[in-house]
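Asks: The following block contains the structure, expressed as structure tokens.
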Amino acid sequence: MSLATMFKRNSLLDERSTWVTSVVLIVGMLAVVVLHALPSDHAWHLNGSVVSLLGKYLTYMLLALAVDLIWGYLGILSLGHGAFFALGGYAMGLYLTAQDAPLAGWQSAMVHFPVAALGVVLAPGLLALVFGWLAFRSRVTGVYFSIITQALTFALMLAFNRNEMGMGGSTGLTRFDELLSFSLSSEGMTIALFVASGVAVLLAFWGCKAITRSRLGRVCMATRDAEARVRFIGYRVEHVKLAVFVLSAMIAGIAGALYVPQVGIINPSTFAPLFSIEIVVWVALGGRATLYGALLGALLVNYFKTLLTGVMPDAWLFLLGGLFVVVTMFLPQGVAGLMAHLRRRREVTT
Amino acid sequence: MTPTHTMISRLRGKAGSRRVNGLKIAPRRWYCLPVMAVLLVWFALVSPSQADVSPQRAQALLQALDTDDFDAKAEAAQAIAASDAAQKTRWLEAFLDGRLGRERDGERFYIITDDSGREWPIIDAITFEDAGTGSRRSVDAFRINNTLRTQLQGLIASLSLDEGDEATRLDAAKRLIGEVDAQSVDAVATQLDNEESPAVRAEIETALALYRVEQGEGEALATLEGNLDTRVRNSLTTIANSDAPIAADAEKVLAGIENKRAWYERGQTLFFGLSAGSVLVLAAIGLAITFGVMGVINMAHGELIMLGAYTTWMIQQLLPGQPGLALLLAIPGGFLVAGAFGILIERSVIRFLKGRPLETLLATFGISLILQQLVRTVFSPLNRRVNSPDWLQGAWHLNEALSLTLNRLGVLIFCLVVFAALWALMRYTRLGLEVRAVTQNRAMARSMGVRAARVDMLTFGLGAGVAGLAGVALSQITNVGPNLGQSYIVDSFLVVVFGGVGNLWGTLVAGMSLGVINQVLQPWVGAVLAKVIVLIGVILFIQKRPQGLFAPKGRTS
């Protein structure tokens, strides 16, 4: 086997969608950086707030990736992924708050960046580990799993709303000043956070792609399609599910940690069941089990959300609700499925 | 004192300590009777219960109050209470409120009927005739201090015991507890002898016993055993903590009272828990039907509840001033509105998503968002208040420690009625039979000629209609707003899953137990944490027993 074919066979980039997505992401990121660097009176100049907004979209895309990994490839619909996102966000929020004023108790350790960074992945990871272990071990699947994940995030929302939690109560954590001793309000920081989010999305995209193409990924898809058979063949389905679920939660946590400094606040509303279920609709609209569909969906829905809530806030919920119905009834494969369908039709006709 | 009044008093049999002032009653002869009768009618018509003491006597009684010495005032008040003046209760009440006074440059006494503002409307204290207006400058109100105030309250309470119907006397007797003192104890004891109503007697006995216990009489403690009155408890606590010889006995009685109280408080918690649970059951039972029969997760269920609540509000707007009728009409109204929406959702969306539960979940969630926004746009994002009819307001006081709020009691009863009706529907009707058949084995039911699609539609309509009923009930205990449904949806899913899918009894037991557990936890950890603990508890329970409390019968593949 020649090196070239080996590279081709094992490369992540041999699927067209993967390299197109990677190129689009990289070019898009570079374009934003360049446009931001233009003099501020230039017609094409992007100001800091737009870059922050795009950075926020990137963190949402990362979150959508995490949901697609378990919903698309493992068939687990989590209606509580916002909880992992929020936990990562709170870990980051504690770090940022600790820069201003020392915190009490165990939270005082969060003043060190490495500890906080560990917290960002460990807090959601541990929750997912415990919760997933309990759920998968007793074979809670399907809608039951969805409902208890929703109950989980609902319970966490109630808990974080309490002032006794030491997490700022219903106001949450806000008024951050600096990150790694750089001011958060500086232009440089804005662009750095944007690039960091973009790189995180890119790395996570490649990582998830690698997983789905690996042996683990094959087992995942087999589990999604016929769990009992996979179990009879001899795979420990629970372990597979648990590993991927925890990984997905950690990605969501990282997304949350990148989200907080760009938005400047984290509060219990991130735990709200509505937010978690919105993530699911991003993925559904983009197309499940494609990964790039999740990225596309998150970007599209949030772009329209920003657009509409500014112009006619009342219409947004109508549109979002309609989106749920239309996508599930008429676009079960999402936009990605629609594009694939159109491409096939073109190939047939030509 | 006129003979007529003496007679009336004797006939009523509730005379206090009374003295006949200088008037001799004629010896009774046979011809007296018609004369008396005529006189009686004449008095009843002409002078209703006034001037039974001479104006001079009344003047003297009031004159005694006009002093700066509070002890003398106290004696004067005692004298008034002991007198036969018909106005005495009114005098004492006015005195208590600081509305009894004397003309500054004269001898007339006035009662100020309304002492707000600068010019007060006043009436003559003896004749009760209108005396125009007075002010701070023309009328000197008698001053009063706290000791006197306490004493007056006791006096007025014992006076009210003489008068009025049973409810008034009971109220007066209750006020007497803790107010009995050395001067009034004999009067109260006399009243006890004259009292016939057992309820009033019990209260007076308590009042007397409490006085005697406070005086150190150990025997009286027996009467106070198991008494739930707060004043009794406070006094006993004081005595038990003192070094009085009866302290130990008092402590024993007190322990008994505390024990009894604790039981009633548990009863109260149970009631609150059951009423909260009945709300959960109402919200969840429609869900249990649709989920059990069709395997459909209806995330718009909460919004169907909301529609039921808004229907109640609408009907109440159409029928102003008749909240009772509106509520009764809202029961079928809410059922029909929510049921119609449910059938619409089933026909237009859910039917096409058969066998794809996760997609159904998402689509119905979308519908819930649309319905929420619809209500926000059509009505308002603000909460609406639905009025309760009179018969659902207030509380039913069983005793001092246990009172049941009527609206919550109503919801509890309503929940049980709805549950019974649904159960009977499932058990005894053709539709119920078909529903059960489809739940147990859809393919087999279809091959037996059951039109499963029609059953689906009707079941969904039924489940939605019950959600509407839940909304009607909820409108009586909380405000109606666009977010009403959302706050119940997570809880109701937990109830359904906890109780076992497709099982009505399971839903009932699960809802009630979640409500009670929540209520029991609340005093220890607070409302929010109690809810969190219950949620986590149910999550753990589902891990242990995924099929719920009651496993569904039949094949659920």
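Just so it is clear, glycine is given a Cβ too, placed from its N, Cα and C backbone atoms.
Please treat TrEMBL annotations as automatic predictions, because they have not gone through curation.
Pasting the relevant annotations from TrEMBL:
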TRANSMEM  A:20-38  transmembrane segment
TRANSMEM  A:70-91  transmembrane segment
TRANSMEM  A:111-136  transmembrane segment
TRANSMEM  A:143-160  transmembrane segment
TRANSMEM  A:189-208  transmembrane segment
TRANSMEM  A:239-259  transmembrane segment
TRANSMEM  A:279-304  transmembrane segment
TRANSMEM  A:316-340  transmembrane segment
Asks: Based on Cβ pairs under 8 Å, which of the stretches A:70-91, A:111-136, A:143-160, A:189-208, A:239-259 lies most in contact with the transmembrane segment (A:20-38)?
Replies: A:189-208
Asks: Any residues 6+ beyond the ends of the transmembrane segment (A:279-304) with a Cβ under 8 Å from its own?
Replies: 17-18, 20-21, 25, 56-57, 60-61, 63-65, 67-69, 71-73, 77-79, 81-82, 85, 201, 205, 208-209, 212, 221, 319-320, 323-324, 327-328, 331, 333-338
Asks: Which bits of the chain, at least 6 residues beyond where the transmembrane segment (A:143-160) starts or stops, bring a Cβ under 8 A of a Cβ in it?
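Replies: Sequence-remote neighbours of the transmembrane segment (A:143-160) are 76-83, 86, 90, 131, 135, 167, 172, 268-269, 271-273, 276-277.
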Asks: Taking the transmembrane segment (A:239-259) as reference, which of A:70-91, A:111-136, A:189-208 has the most Cβ pairs under 8 angstroms?
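Replies: The stretch with the most close Cβ contacts to the transmembrane segment (A:239-259) is A:70-91.
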Asks: Counting only residues 6+ away from its ends, which parts of the chain sit with a Cβ under 8 Å from the transmembrane segment (A:189-208)?
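Replies: Same-chain contacts beyond the ends: 12, 21-22, 25-26, 28-29, 32-33, 36, 48, 51-52, 54-55, 58-59, 61-62, 65-66, 68-69, 179, 182-183, 251, 254-255, 258, 261-262, 291-292, 295.
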Asks: For the transmembrane segment (A:70-91), give me same-chain residues lying six or more residues beyond its boundaries with a C-beta closer than 8 angstroms to one of its C-beta atoms, as numbers and ranges.
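Replies: That would be 63, 110, 116, 119-121, 123-124, 127-128, 141-143, 145-147, 149-153, 156, 160, 167, 173, 212, 217, 220-221, 223-225, 240-241, 244-245, 248-250, 252-257, 259-260, 266, 268, 270-273, 275-277, 279-280, 283, 288-291, 294.
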